[in-house]
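> I have a structure I would like to understand better, so I am pasting it below and will then ask my questions one at a time.
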Amino acid sequence: MAQFGFENDIHSILKLDMPITNAPMARWQRKASSSNASALNGLSPGKSANVSLSTTKTPNKTPGKNKKQTPSKMGGDRFIPTRNSYQMDVASFLLTKENETVDTNEQNATSENQKAMSMSLNGYNIEEAKILHLGGKPLNAPEGYQNNLKVLYSQGATPASVKKTRHISSTPDRILDAPELRNDFYLNLLDWSSCNVLAVALHNCVYLLDASQGEITLLMKLEREEDYICSLSWTKEGSYLAIGTSDCQTQLWDVYNQKHLRSMASHTSRVVSLSWNDHVLSSGSRSGHIHHHDVRVANHHIATLTGHSQEVCGLQWSPDGRYLASGGNDNMVYVWPRVQDGPANQAVHSWSEHQGAVKALAWCPWQPNILASGGGTSDRHIRIWNVNSGFCISSLDTQSQISSLVFAPNYKELVSAHGYAHNNVVIWKYPSLTRVAELNGHEDRVLSLILSPDFSTVATVAGDETIRMWKSFELDPIKKKAKERLAKSTSGVIHQSIR
C-alpha cells in the first residue's frame, strides 16, 4: 500500500493542469500576434480598417514600375544600366534640335560660348554628346559562378593581330667540308666580312667563300708545312684580312687583289686572337701579351698590354671602339681602354669569376656597355657584365664548354657555341637568357661561331671538319625592308689605306 501511495504522489506532482508561466510562446501564438501587428500598422486615417491578413503577403511595389530595378540574382547574364531623368532630357533635346534650322552666322558666333557653358554645366560638350548615354557599372559575379552561355563577342586578339611564331630550322642551310682543320680550342679560325665573304683557315691555308655567289678561292698558304694559321680577322670595310700564324707573325692581305701587304713581327709565340678598331689591330699571343699595331705607319707596334699570365685566346673591341675585352687561359677577363683615353697598360676592369679558360667574348651591338663572356669545360657559365658599373648582372650555367658567343640583333638574342659535352649551338633570349632553340648536327666540339653581315645566318666550324650555316634569324619581309631603308639613310664608311 505504501508503494501505491508513493506513485500517486509522483503523478500528482508531474500533472500539468495549469499553464507554465515562464515557458516560451507557442508557434501558433507567435504567428497570430505577428499577423495582428502587421494589420494594425497598415491602417491609416484615410484607409478602411477592414483589411485582410492576406494583404501582407502582397509586395508593396510592382517590379515593372521600378526604373532602377537590377537583377536580383548575382552573376546574371544581363546588365541593366542606369538611365536618370537628366539623361533622358538631354536625349530629347538633341533629337528635337536636329529638326531646327539655325543661321550659320549666328551659330558660329555663339558656338564657343555654348561649348564653354556646356562644359561647365554638364562636364562635356553637348554638341558631341550621345543621344542616349548609359551609366552605372555592372555587378561583379559571385565567387565560383560559372556562365554557361555561349560567348558571341570577345575582346581577345583576332587571328590577324596574333603575333606569328618564328620557325627556326633544326637543319643547317648549307654544309661545307673543312679538311685539315686544326681541332684546337684556343684558335680563331673563322670570320665573316661585311662584304659577305667567309674566311676559314685550314692548317696552313686560308680559303675565301663568297656567300653570295658560292665561289671558293685560295687566298694564301704558308711556306713551311709545319706552320699553321691561328687566327683571322676582317677590317670593318671587308677589304683587308689580318692573319695570325704559329711563327709569331701577323700578316695583312688585300683580298680583292690577293696581295700580301705586310708582315708584322712583335710577339714571341703564336698569335691566336685578333681584333680591329679602325686602323689599330690588336693581337693576343700564347705569351699572355696583347699588342696594338697601327697599320698605317712603319713602326706599327704602339702599345703592349700585360695583364694575362697565360694564352690570350679571346679578343674583342666594343662596337663604339672605347674598350677592348680580352679573355685568357688564366680564367681572367680584362677590359682595356683605348690608347688615347688613358694609360695603355692599365685595365679598366678585371674579373676572375670564371673557373675555366675564357675564349668566348661578345659585345652587345644595341647596348655598347654590355659584355658577354663564356668559360671553358671547368666553368661552363655565360656571364653578362656591365662595363659602366663593373658588375656581373646575370649568369647562366650551360652545362657545356663554351667556345664562342655572338649577339644576334634581329631578334635581340645571344648565340653560344659549345664543345664537350653537347657539341651544339644554343640560341638564348636576351636579357632573360631563356633557351629559344638548339642547333644540333656537329659530331665534334664547335670551335668557332660567326654571324653574317645581314645578321640572318650564323656559321659554325667544328672538330668534325665541317662548316655549317644556320639561317635562324631571318626577318619577315616588312621588317627587312624597313631595316634596309634605315641602313641606307645612315650608311657612311670611311676607308683607310694600309701600307
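From the backbone N, Cα and C atoms, a Cβ is placed for every residue, glycine too.
Quick paste from TrEMBL:
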REGION    29-79  region 'Disordered'
COMPBIAS  32-44  compositional bias 'Low complexity'
DOMAIN    176-470  domain 'CDC20/Fizzy WD40'
REPEAT    222-263  repeat 'WD'
REPEAT    305-336  repeat 'WD'
REPEAT    439-471  repeat 'WD'
> Sort out the residues at least 6 away from either end of the repeat 'WD' (439-471), same chain, that have Cβ-Cβ distances under 8 Å to it, and list them.
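Distal contacts: 169-181, 183-185, 187-196, 198, 200, 211, 238, 401, 403-406, 408-410, 415-420, 423-427.
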> For the repeat 'WD' (222-263), would you mind checking the mean pLDDT of the predicted model?
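That stretch averages a pLDDT of 96.
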> By DSSP assignment, list the helix, strand and coil residue numbers for the repeat 'WD' (305-336), in that order.
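The repeat 'WD' (305-336) comes out at 0 helix, 17 strand, 15 coil.
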> Looking only at the repeat 'WD' (439-471), what are its DSSP counts of helix, strand and coil residues?
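The counts are 0 helix, 17 strand, 16 coil.
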> Would you mind splitting the repeat 'WD' (222-263) into helix, strand and coil residue counts from DSSP?
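Per-class counts: 0 helix, 23 strand, 19 coil.
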